[in-house]
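Noted in TrEMBL for the protein shown:
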SIGNAL    1-23  signal peptide
DOMAIN    48-192  domain 'FAS1'
COMPBIAS  204-213  compositional bias 'Pro residues'
REGION    204-233  region 'Disordered'
COMPBIAS  219-233  compositional bias 'Low complexity'
Amino acid sequence: MAKQVLSLSLLLVFLFHCTTTSGQPAQAPTLPAVAPAAPANAPAPPGPPDVTKILQKVGGFTILIRLLKSTGVADQLRGQLNDSSIRFTLFAPNDNAFSNLKAGTLNSLNNEEKVRLIQFHILPTYYTLENFQTVSNPVRTQAGDNKPGDYPLNVTSVGSQVIISTGLVNASVSGTLYSNFQLAIYQVDKVLLPLDLFVAKPPSPAPAPAPTKPKPKKTTAAASPETSTTATPTVVNSGAVSLATHGILVSLGVAVLIATFSL
Ligand SMILES: *[C@@H]1O[C@H](CO)[C@@H](O)[C@H](O)[C@H]1NC(C)=O
Ligand SMILES: *[C@@H]1O[C@H](CO)[C@@H](O)[C@H](O)[C@H]1NC(C)=O
Ligand SMILES: *[C@@H]1O[C@H](CO)[C@@H](O)[C@H](O)[C@H]1NC(C)=O
């Protein structure tokens, strides 16, 4: 009997030991305030700065964020910033700056050109605002990597104002959004349009609607439903439907007429 009690108490001690060391506070209410073994809820160690998360937090940068993501530049930056010796400065136009662009400006760019537009906003160096007072122009951007000098960007300081000139746009820095000695993000009041993307190439003409030559009117009643519908491509749906119906009726009428005559 004593043996059983002893083994039972041993078992209890063993069980208590298990529950206390497994670090589940719910099952060990009398546990002293020892640091839990698994810090699952502790904040993750600060990783590399994430440009899109920073911009999201600031707010008002949805178009830039979308472009950073769709071009793959966001992932590229995150990967590179993982190496703490790699530094960047980003000029960030907000949604307002994008909406001030001429209509269709972004849509006129193919994917590769969008990548270069975004890279044009990134300098492969960390600049403080004070650094811009002594920077030598033109400064290098990410877009200029494969063809140096192709995408010149000048940064000048006039008093406390920092002006960025692309040759096409003069923008000014309107605030510091982030700065941690590896990454600086400055808000700019305009989208930095590189000269090479928007002037060197001839402006693509607006896709004019194909001149629809009026089809020679057929004098015979042999018009098929197809010709009667395709001849009016711009009419609203209801009109097209009624025209098509009309065409079919005409064809039917012709068929009936032919049938009658062939009898
Ligand atoms: C950053 O570097 C660490 C260690 O070098 C690696 O485990 C991690 O996957 C990297 N993260 C990214 C986003 O590249
Ligand atoms: C940029 O600076 C360089 C050197 O000072 C100058 O030659 C060039 O004209 C400037 N370009 C623009 C767009 O301001
Ligand atoms: C930009 O600023 C320079 C110098 O102030 C001026 O000569 C130029 O015309 C401006 N360009 C635009 C596009 O506003």
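Placed from the backbone N, Cα and C atoms, the Cβ positions cover glycine too.
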Write out how many residues of the domain 'FAS1' (48-192) are helix, how many strand and how many coil, based on DSSP. 46 helix, 36 strand, 63 coil
In this predicted model, what is the average pLDDT of the domain 'FAS1' (48-192)? 92
